[in-house]
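What Swiss-Prot lists as transmembrane segment is 5-25, and the listing cites sequence analysis. Taken from Swiss-Prot, the feature domain 'FAD-binding FR-type' covers 41-145. According to Swiss-Prot, the FAD binding site annotation covers 125-142, 151-183, on the basis of similarity to another entry.
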Amino acid sequence: MDYKFEALVTALVLAVSFIFIYGKFSGAKQSQPAVKTTLNKDWQEFSLLTKTVLTHNTAIYRFGLPEADAVLGLPIGQHISISGVIDGKEMLRSYTPTSLDSDATGYFELLVKSYEKGNISKMLAELAIGDRIKVRGPKGFYHYEPNMYKEIGMIAGGTGISPMYQIIRAIFSNPRDKTRVCLVYGNQTKDDILLKPELDAMVAAKPDQFKILYMLDKVAEGEQWEGKLGYITEAIMREHLPAPSSSAQLLLCGPPPMVSSAKRIAVSLGFEKAKPISKKGDQVFAF
């Protein structure tokens with residue numbers, strides 16, 4: 001009787017111990033505190049932490065979040081609005097951060113090209129460290145998810161590289177995402193190419209998954225250039241971008257004339273006609 005009772009107690013102790021240990025480890029991920037996100041659709045102010053100049057009129061601006069352990073909370077492929085009062089009038093401009101929530105805790109970064117007659121871009125260029133900007137978001141109809149397409153073709157011009165770079169980085173940093181990416185990136189001159197070292201590093205690390213064609217409007221006399229010259233043509237798109245299919249998507253971002261031309265060529269190649277306002281599932285999406 002005592003033996004049976006002792007065996008029963010031992011069995012109960014082992015069972016309870018197993019349940020406790022199993023619950024502790026299997027629930028470890030669930031018990032981790034949720035990541036703090038910052039964006040909430042309301043206007044918020046963020047201070048400029050650093051400014052990294054890339055060209056004579058382009059820089060990466062890093063803004064701090066109110067909490068050092070928080071992230072911006074922006075879905076990949078979406079953008080934020082920046083507000084500023086210029087000559088007594090409120091102006092708005094949308095930008096896609098180049099940073100990802102997965103690797104930017106306590107801050108976010110914007111790639112901005114400033115124009116002499118620009119509004120928000122000029123305001124950003126004149127910011128001093130510690131100055132604040134007003135931001136609201138998330139905004140946009142695109143939200144990238146891993147493996148949503150087998151292939152993604154991208155056409156970008158100038159700072160239109162921002163959403164493409166964000167998506168490429170997200171794919172590159174996720175070993176489970178097997179999406180193949182082909183990017184055609186156009187600029188006026190060689191010095192205007194933005195984020196080239198970062199882009200080239202990802203291509204070098206995963207050449208079978210990422211391919212980039214750089215295009216320029218012109219090169220200086222005697223300057224070496226291994227890319228293409230001129231405008232993005234039907235032949236360029238046919239050769240360097242995925243063919244239209246249900247498993248492929250074409251993303252566009254850049255100067256309006258370039259985007260309009262790419263939309264027309266895409267139709268001639270067999271892609272669906274781009275809609276006036278692009279949605280996530282469109283075969284051709286213009287940011």
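Just so you know, glycine gets a Cβ as well, placed from its N, Cα and C.
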Could you pull the average pLDDT for the domain 'FAD-binding FR-type' (41-145)?
96
When DSSP states are grouped into helix, strand and coil, how many residues of the domain 'FAD-binding FR-type' (41-145) land in each?
6 helix, 51 strand, 48 coil
If H, G and I count as helix, E and B as strand, and all else as coil, what does DSSP give for ILE168 (FAD binding site)?
helix
Cβ packing number for ARG132 (FAD binding site), 10 Å threshold:
13
Enumerate same-chain residues with a sequence separation of six or more from ALA125 (FAD binding site) and a Cβ-Cβ distance below 8 A; give 'none' if the list is empty.
ASN57, ALA59, VAL112, SER114
